[in-house]
Amino acid sequence: MAGFGAMEKFLVEYKSAVEKKLAEYKCNTNTAIELKLVRFPEDLENDIRTFFPEYTHQLFGDDETAFGYKGLKILLYYIAGSLSTMFRVEYASKVDENFDCVEADDVEGKIRQIIPPGFCTNTNDFLSLLEKEADFKPFGTLLHTYSVPSPTGGENFTFQIYKADMTCRGFREYHERLQTFLMWFIETASFIDVDDERWHYFLVFEKYNKDGATLFATVGYMTVYNYYVYPDKTRPRVSQMLILTPFQGQGHGAQLLETVHRYYIASSSVLDITAEDPSKSYVKLRDFVLVKLCQDLPCFSRERLLQGFNEDMAIQAQQKFKINKQHARRVYEILRLLVTDMSDAEQCRSYRLDIKRRLISPYKKKQTDLAKMRKCLRPEELTNQMNQIEISVQHEQLEEQFQELVEDYRRVIERLAQE
């Protein structure tokens, strides 16, 4: 019996030691993957140029780890404009194949699932491609040029936005490289069917000089799908939008979204512009752009705003800027906050009630549904449903929603003031 206890203790300790040993070979793929946009040869050794994914779960599972390596580095370096790629896997040590019957993850195979063939694996080949980068030019039609002040007070940076499609020579291959970034920065990203001609592509590039030549660097892009609306209209829907990490916080998202809106505004066949499953950050960006577009419309004058939302606002927003009624309502709420003195009790109360009347609509629908349920539910089922829409809880949720909205709206107003 004592011998059995000693054996059991040994097995527990052995298992613990093995697990500890195996844990040393687990790497966080969010930090193991190193991304870089290269303009100059010295960028290869410059850690400041390195940035990292926000998500890796689509390739490496929910725990976002790779097993079997110590000191794992997955290098994905892109030439800044053409996005010609160098892919290499480096590590200090790899788990022995005979070590407790475990195998290292096929890291290279996982990355190959999303990057197109034709990439480099060594620095010399990559630098040879970099020497030819002056030949790269943006795809498609130039829509907009704008500048961003230099943080050091030097010459402004110049950026351009283009609209492209798959008929542009070389664009299909370029897009295959560009879309790989989606997997690292959009949580639910997926690749689109590029053979569907209803996709539109909008690209942002930085225009810069290098050794007397004009070059272009990829900044970000947006894909838009054109849905048919009976009988003769289309509804462009923003599907994917990404500004690459080194360029974030510089206003490129707003420039891109406004340019896309202005592109579709010119088309009489477009009904309105929407977005597919928009993130909170996208909604905030859209709020800013739409308010900026609408703020000078007569229907959004101070006098009209204080009278409440009306059909004319929805009509004008749709006709002038292809904005649907729901988004026009948000524009109204932001602009009304702008002209409301929230320190004035009466103005504040009026604004609060106006917003809450909209927010309460889903709760009223639940009340209507409950009235119908009374006719067919058993008492215990009815009690359960009533508990879900308790009045006091409704008021708390409404107030919380209201405060969150006002906070978001104030940020939009602050950004408008900086324009």
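Here the Cβ of each residue, glycine as well, is placed from N, Cα and C on the backbone.
As recorded in Swiss-Prot, the features of this protein are as follows:
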type    : residues                                                                       : note
BINDING : Met241, Leu242, Ile243, Gln248, Gly249, Gln250, Gly251, His252, Gly253, Ala254 : acetyl-CoA binding site
MOD_RES : Lys9                                                                           : N6-acetyllysine
MOD_RES : Lys15                                                                          : N6-acetyllysine
MOD_RES : Ser190                                                                         : phosphoserine
MOD_RES : Ser343                                                                         : phosphoserine
SITE    : Trp199                                                                         : site 'Interaction with histone H4 N-terminus'
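Rounded to a whole number, the distance between the Cα atoms of Met241 (acetyl-CoA binding site) and Ser190 (phosphoserine) is 12 Å. Put simply, Ile243 (acetyl-CoA binding site) is 19 Å from Trp199 (site 'Interaction with histone H4 N-terminus') when counted between their Cα atoms. It is 32 Å from the Cα atom of Gly249 (acetyl-CoA binding site) to that of Ser343 (phosphoserine). Spread of the acetyl-CoA binding residues is 15 Å (greatest Cα-Cα distance among Met241, Leu242, Ile243, Gln248, Gly249, Gln250, Gly251, His252, Gly253, Ala254).
There are 17 other CB atoms within 10 A of the CB of Trp199 (site 'Interaction with histone H4 N-terminus'), with all protein chains counted. For the recorded site, Ser190 (phosphoserine), the DSSP three-state label reads coil.
Ile243 (acetyl-CoA binding site) has a Cβ environment of 22 other Cβ atoms inside 10 Å.
Of the chain residues outside the acetyl-CoA site list Met241, Leu242, Ile243, Gln248, Gly249, Gln250, Gly251, His252, Gly253, Ala254, Val219, Gly220, Phe247, Gln255, Leu256 have their Cβ within 8 Å of the site's Cβ mean position.
Ranking the binding-site residues Gly249, Gly251, Gly253 by C-beta neighbours within 10 Å puts Gly253 at the top.
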